[in-house]
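According to TrEMBL, the domain 'tRNA-guanine(15) transglycosylase-like' annotation covers A:16-369. If you look up TrEMBL, you'll see A:D94, A:S95, A:G96, A:G97, A:F98, A:D148, A:Q191, A:G218 marked as substrate binding site. According to TrEMBL, the feature region 'RNA binding' maps to A:249-255, A:273-277. The active site, nucleophile annotation in TrEMBL covers A:D268.
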2 protein chains.
Amino acid sequence: MSANGLGFTLLGTDGRARRGRLSTAHGMVETPAFMPVGTAATVKALTPDMVAATGSAMVLANTYHLMLRPGAERIARLGGLHEFMRWPGPILTDSGGFQVMSLAALRSIDEDWVEFRSHIDGARHRLSPERAVEIQHLLDADITMVLDECTPFPAEPADVALAMRRSLRWAERCRHAFRERPGYGLFGIVQGGVDADLRAESAAGLQAIGFDGYAVGGLAVGEGQAMMFRVLEATVPQLAPQRPRYLMGVGKPDDLVGAVGRGIDLFDCVIPTRSGRTGQAFTRFGPINLRNARHADDPRPLDESVPCPASRDYTRAYLHHLVRSGEILGAILLTWHNIAYYQALMAGMRTAIAEGRFAAFAAAFAADQTRGDIDAL
Amino acid sequence: MSANGLGFTLLGTDGRARRGRLSTAHGMVETPAFMPVGTAATVKALTPDMVAATGSAMVLANTYHLMLRPGAERIARLGGLHEFMRWPGPILTDSGGFQVMSLAALRSIDEDWVEFRSHIDGARHRLSPERAVEIQHLLDADITMVLDECTPFPAEPADVALAMRRSLRWAERCRHAFRERPGYGLFGIVQGGVDADLRAESAAGLQAIGFDGYAVGGLAVGEGQAMMFRVLEATVPQLAPQRPRYLMGVGKPDDLVGAVGRGIDLFDCVIPTRSGRTGQAFTRFGPINLRNARHADDPRPLDESVPCPASRDYTRAYLHHLVRSGEILGAILLTWHNIAYYQALMAGMRTAIAEGRFAAFAAAFAADQTRGDIDAL
């Protein structure tokens, strides 16, 4: 860990894929890493012990949700977010910008702040770059994200440019507001939509300010995997290799493998948790939906290659029964398995990069996924 | 364990309270014991490991629910209910009679069977005494309950008598249908409403047939605790002391203490699990509702005297946040705590009986409960 800020050690590369280690105030994170999403100070449907048992080192929490309920000052009084949610490891918090745009009502944005109404009770709130940093400080986030203005996809290039440049000015205000402490860091967020020039301008502007890491934001909003990968191919080489790179809100298993192969170190996504509450399980032979009647008599586990009780100890027949019956245990077990599957995939990529065989790993992964789940017995 | 049927050893008494040990094909149960309810082959919101960690030795499952979904024959093909739900310990199954009366539609009852429509899909089903025993055999229940006809409260004495006598005839048919195996047993169910003479007639009739244990059914249906205790005081002394006694569907913590003091050995109830999904927690100082705003800043755990992570490791402020936010983890933690609280209470009663101080234990319990939860900080 550096004397100031967050530590990141690049341990090796394999093509553009990187093997690294992040040092935070609350522990180490081996990268590439996937962060389960703990929106409202809970990774939905799991206890913290279950999350830790999947091999997850760091989780993400949402500034927008927590500022509205239970409130950042309240969490600070209760000892900070780690203590509040009983997660002793590192926590990254997003800035709230994305949720304000996607969830809140009556939002208006100007140079100073974004104003919006809570989706919970309609109360009026303001979020400025300085307040976004202050909230994340109150939460005691190991990694704080700058407040940015997200544009939808598709959007007019002129609108994307305006939002990107405002985000740059906000990033600088966040940099000034952030209080440096050992083991804590602030990440900038590269915006610019699907335009390579705007992305390059954003990356250069952020690096001129200087951050502990750089996120690629504004992707996985409908542009499709091929375009997302093209944006990564254009953007990631613009980022200094000695800083961690975080692809926000992505993705499905093949998105992760493709993005690691394009130089990304950190991920978060609601897909494994949300899918776990709707009956979908990810396996090494592709996703399956446990609601489907073909699983009703299937005595096989979900995926015995995943080191998790939910993946190995329960039959698909039982999981089908739980999902069909609307039982909470169905959501618990499928969420637990999905996170464990994601972490097993990340661990496999880390080992493959360290051993210089990432390309072969990615090819075998794709072949397994394409094969699809074998027929029910 | 006796060569035939279930083993029950009466280890000691303290007043009318009893300390015993039940031996089943899937393990021992120290009594007095509380069985968490696993209606649809899951104790709602908990993994089997969490249930076991509370000190629960035996769980209950519901014939009615499981015959409709996923089906008893299916569970048998998958290795029986223990394997299906990954609960290696003893399982008691009810006969389905109570749920047919409370949940199913268009039911008709005659001497042969009860006919009803599924509350899930409207499909027509029949349940006879023989089929109820067969289903429980397919499930591989350690303790099978006879099919009985439950009467509502209040009911005309003549109707109660008719139902009780039909239940006696059905009990005899169940006895004939039941296949004895070491470690497996069949319990009769004493009916007769709140009429002491009918209860006595039922108890005598059942004991003339001969069962491995005797349940008191038809209580906790609105008659109130005082009347329930009067029925127990009249009925329990009619039951042979060498057999276990099971009070079905009861109850709140003070119901359990009062019933143990009246000679009951076994309990099941949905209250701790259902309450856990509606924000209610039981503590040694009485129940509290975590939805209440007074818990929003309370850094105390639910009840540090209960040996469960959910009882000790999380603040009431966090649990309040989870409940208000509708988070599944709120249901998980409150259910886990409630079951653990119930099991700690049962363990306390078992120790008190063994040490000849049950009356003092019950008095201290009542004083603590009456005190109520202390004010928020």
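Cβ atoms here come from the backbone N, Cα and C positions, even for glycine.
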Just how spread out is the substrate site if you go by the largest Cα to Cα distance in Å among A:D94, A:S95, A:G96, A:G97, A:F98, A:D148, A:Q191, A:G218? 15
Counts by DSSP class (helix H/G/I, strand E/B, coil) across the region 'RNA binding' (A:249-255): 3 helix, 1 strand, 3 coil
Between A:G97 (substrate binding site) and A:D268 (active site, nucleophile), how many Å separate their Cα atoms? 16
Would you list, in sequence order, the residues of this chain other than A:D94, A:S95, A:G96, A:G97, A:F98, A:D148, A:Q191, A:G218 that have their CB within 8 A of the centroid of the site's CB atoms, where the site is the one recorded for substrate? A:M101, A:M145, A:V146, A:L147, A:E149, A:C150, A:S167, A:I189, A:G217, A:M248
Residues that sit under 8 angstroms from the residue listed as 'active site, nucleophile' by C-beta distance, when 6+ apart in the chain: A:F34, A:M35, A:P36, A:V37, A:L60, A:L92, A:Y246, A:M248, A:G249
For A:G97 (substrate binding site), the three-state DSSP class is helix
In DSSP terms, helix, strand or coil for A:D148 (substrate binding site)? coil
In chain order, residues whose C-beta lies under 8 angstroms from the C-beta of A:D94 (substrate binding site), counting only those at least six residues away in the same chain, are A:L60, A:A61, A:N62, A:T63, A:Y64, A:M145, A:M248
Tertiary neighbours of A:S95 (substrate binding site) (same chain, Cβ under 8 Å, six or more apart): A:T63, A:A132, A:Q136, A:T144, A:M145, A:V146, A:L147, A:D148, A:C174, A:I189
CB neighbours within 10 A of A:G96 (substrate binding site), counting all protein chains shown, number 28
Cβ-Cβ distance under 8 Å to A:G218 (substrate binding site), same chain, at least six residues away: A:C150, A:T151, A:F153, A:Q191, A:G192, A:G193
For A:D268 (active site, nucleophile), just give me the three-state DSSP call. strand
Please spell out the DSSP helix, strand and coil residue counts for the region 'RNA binding' (A:273-277). 4 helix, 0 strand, 1 coil
Per DSSP, to which secondary structure element type does A:G218 (substrate binding site) belong, with helix, strand and coil as the options? coil
Within 10 Å of the Cβ of A:F98 (substrate binding site), how many other Cβ atoms can you find? Include all protein chains, please. 22
